[in-house]
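To start, the structure under review is shown below, and the notes come after it.
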Amino acid sequence: MAFGARGWRRWSLLLLLLWVTGQAAPVLGLAVSSELQIQRSFVPDECPRTVRSGDFVRYHYVGTFLDGQKFDSSYDRDSTFSVFVGKGQLIAGMDQALVGMCVNERRFVTIPPNLAYGSEGVSGVIPPNSVLHFDVLLVDIWNSEDQVQIQTYFKPPSCPRTIQVSDFVRYHYNGTFLDGTLFDSSHNRMKTYDTYVGIGWLIPGMDKGLLGMCVGEKRIITIPPFLAYGEEGDGKDIPGQASLVFDVALLDLHNPKDTISVENKVVPESCERRSQSGDFLRYHYNGTLLDGTLFDSSYSRNHTFDTYIGQGYVIPGMDEGLLGVCIGERRRIVVPPHLGYGEEGRGSIPGSAVLVFDIHVIDFHNPSDSISITSHYKPPDCSVLSKKGDYLKYHYNASLLDGTLLDSTWNLGKTYNIVLGFGQVVLGMDMGLREMCVGEKRTVIIPPHLGYGEAGVDGEVPGSAVLVFDIELLELVSGLPEGYMFIWNGEVSPNLFEEIDKDGNGEVLLEEFSEYIHAQVASGKGKLAPGFNAEMIVKNMFTNQDRNGDGKVTAEEFKLKDQETKHDEL
């Protein structure tokens with residue numbers, strides 16, 4: 001060590017033995033300079049501060065006599081020498097030699113006896129009139145008047161919020177001493193340091209140094225030991241009286257009193273309905289942490305996230321943040337961890353993480369919804385309205401609520417033809433085509449439980465999708481009374497069987513029956529149910545008359561509808 005007048009007592013017995021057994025006497029007659037000699041062996045490029053009288057320093061040294069014989073070394077003790085400068089705790093020459101040094105500077109110092117231990121020396125250790133040479137490396141410097149030093153080297157353009165007392169933060173850091181020696185790093189553990197600020201969970205200097213930081217900000221916080229681990233250090237990696245330097249990157253910030261934050265990005269001009277508790281939503285989202293790290297995205301799966309809201313199917317913050325949205329709206333929802341995944345996190349979401357969801361609402365509905373019909377045009381004569389059993393020809397465009405086109409008969413160049421009320425379209429469409437006249441144009445909105453349900457149509461219609469149909473009715477053929485597939489337009493001949501049985505053999509075959517029915521339809525005397533396969537209707541009619549199933553109908557088997565209610569017959 002660089003000996004103080006009283007510090008010599010701390011020398012170890014080992015060093016004393018080395019001196020007694022191995023140290024040669026000083027060379028007599030050698031001219032000794034009375035001046036302090038300082039050679040700056042290495043000076044760092046950056047030197048923000050130099051030693052002044054009154055500063056506290058920590059340094060390594062090797063002490064030798066002029067002949068090169070070592071008499072002491074801090075390296076041998078694996079500990080720096082720590083002392084105030086200019087307060088008489090050092091020999092005068094060392095007190096002077098340390099002034100003006102930078103951290104990481106190396107000096108060769110030659111101290112004459114008059115600035116060291118003089119003509120008396122130290123009995124048994126330092127001979128009288130000894131010139132002492134010290135190889136000094138300064139590793140730390142601070143002053144009792146120092147405060148926490150903050151140097152911000154990156155600050156994001158947007159800083160809507162800064163750290164306040166009682167906030168909870170997540171940050172990465174590298175912890176070094178003033179000489180750059182690393183003593184700890186959250187990066188090495190691949191885990192942020194998570195803590196409250198300003199309530200005593202941190203060393204005082206860090207509590208102060210974090211205040212005012214923005215998420216995304218990077219700063220260097222330099223802390224004197226009396227605001228860090230003091231004289232004792234931490235008992236492990238940090239020695240006593242060490243100044244600490246923390247290179248901090250703030251990733252996350254919230255307060256336990258925080259609620260969700262909602263920022264509307266795009267709100268459609270027309271918003272006829274806003275989501276309520278109990279509604280079922282389909283939406284896309286990107287989920288990120290506050291520092292922008294992506295943890296999930298519905299877009300990457302090419303599938304919306306579909307859920308009920310207000311019923312606990314999603315985290316509380318999203319349950320709240322999805323209320324009051326419009327179809328087509330884009331909004332940002334910021335969710336504090338106590339309304340997200342809490343202290344434990346989930347999957348790639350770390351514990352105590354604030355979550356940011358950028359959402360796009362595709363559609364929503366309520367299980368109690370029915371279809372919605374908006375008529376855009378009706379012709380002057382709109383007296384004949386569609387009903388169950390009518391045969392309809394119409395054009396349509398089918399889309400999702402966000403405007404995504406699913407299908408169009410106009411693009412196909414042909415109409416869509418159905419018999420109303422016979423399950424040939426989804427229930428919502430069947431309902432939406434009722435009481436419509438030829439030439440009318442209307443928009444029908446169909447909730448999924450009246451459309452294609454949760455399953456949708458693979459590759460065509462997403463599951464749980466609300467559908468929008470823009471319809472134009474082009475043709476309407478009135479159907480038959482319910483339960484009939486064929487009716488007479490006039491009186492039925494009393495000799496009907498004989499008219500069908502042209503060969504008069506008392507038996508009617510399918511060919512005879514079919515020829516006769518088609519002839520009646522062609523002449524306008526009879527009518528088949530429109531929209532169905534005529535041959536199948538005729539065959540079913542014949543089968544119903546063929547009671548014994550022998551492929552022919554006799555006069556005894558032949559009956560009209562009103563004569564036999566169990567069969568759909570003539």
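Any Cβ shown, glycine's included, is placed from N, Cα and C.
So that you can see what the record holds, here are the features copied from Swiss-Prot:
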BINDING   Asp546, Asn548, Asp550, Lys552, Glu557  Ca(2+) 2 binding site
DOMAIN    54-142  domain 'PPIase FKBP-type 1'
DOMAIN    166-254  domain 'PPIase FKBP-type 2'
DOMAIN    278-365  domain 'PPIase FKBP-type 3'
DOMAIN    389-477  domain 'PPIase FKBP-type 4'
DOMAIN    488-523  domain 'EF-hand 1'
DOMAIN    533-568  domain 'EF-hand 2'
CARBOHYD  Asn174  N-linked glycosylation site
CARBOHYD  Asn286  N-linked glycosylation site
CARBOHYD  Asn302  N-linked glycosylation site
CARBOHYD  Asn397  N-linked glycosylation site
MOTIF     567-570  motif 'Prevents secretion from ER'
SIGNAL    1-24  signal peptide
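Mapped onto this structure are the features recorded in Swiss-Prot.
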| residue | record | Cβ within 10 Å |
| --- | --- | --- |
| Asn174 | N-linked glycosylation site | 17 |
| Asn286 | N-linked glycosylation site | 17 |
| Asn302 | N-linked glycosylation site | 7 |
| Asn397 | N-linked glycosylation site | 17 |
| Asp546 | Ca(2+) 2 binding site | 19 |
| Asn548 | Ca(2+) 2 binding site | 10 |
| Asp550 | Ca(2+) 2 binding site | 10 |
| Lys552 | Ca(2+) 2 binding site | 18 |
| Glu557 | Ca(2+) 2 binding site | 17 |
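Nearest in space to Asn286 (N-linked glycosylation site), taking C-alpha to C-alpha distance over the recorded positions Asn174, Asn302, Asn397, Asp546, Lys552, is Asn302.
Same-chain residues with CB within 8 A of the center of the Asp546, Asn548, Asp550, Lys552, Glu557 CB atoms, the Ca(2+) 2 site residues themselves not counted, are Gln545, Arg547, Gly549, Gly551, Val553, Thr554. Residue pair Lys552 (Ca(2+) 2 binding site) / Asn397 (N-linked glycosylation site) shows a Cα separation of 48 Å. Here Asn302 (N-linked glycosylation site) is positioned 62 angstrom away from Glu557 (Ca(2+) 2 binding site), judged by their C-alpha atoms. DSSP assignment over the domain 'PPIase FKBP-type 2' (166-254) gives 13 helix, 36 strand, 40 coil. Outside the domain 'EF-hand 1' (488-523), and at least 6 residues removed from its termini, the chain residues within Cβ reach (under 8 Å) are 534-535, 538-539, 541-542, 545, 551-555, 558, 560, 570. Asn397 (N-linked glycosylation site) sits 46 Å from Asp546 (Ca(2+) 2 binding site), taking the C-alpha atoms as the reference points. Looking at Asp550 (Ca(2+) 2 binding site) and Asn302 (N-linked glycosylation site), their Cα atoms lie 59 Å from each other. Secondary structure at Asn397 (N-linked glycosylation site), as computed by DSSP, is strand.
Asn302 (N-linked glycosylation site) falls within neither a helix nor a strand when secondary structure is assigned with DSSP, and so counts as coil. Counting in whole angstrom, Asn548 (Ca(2+) 2 binding site) lies 59 from Asn302 (N-linked glycosylation site) by their C-alpha atoms. A gap of 57 Å separates the Cα atoms of Asp546 (Ca(2+) 2 binding site) and Asn302 (N-linked glycosylation site).
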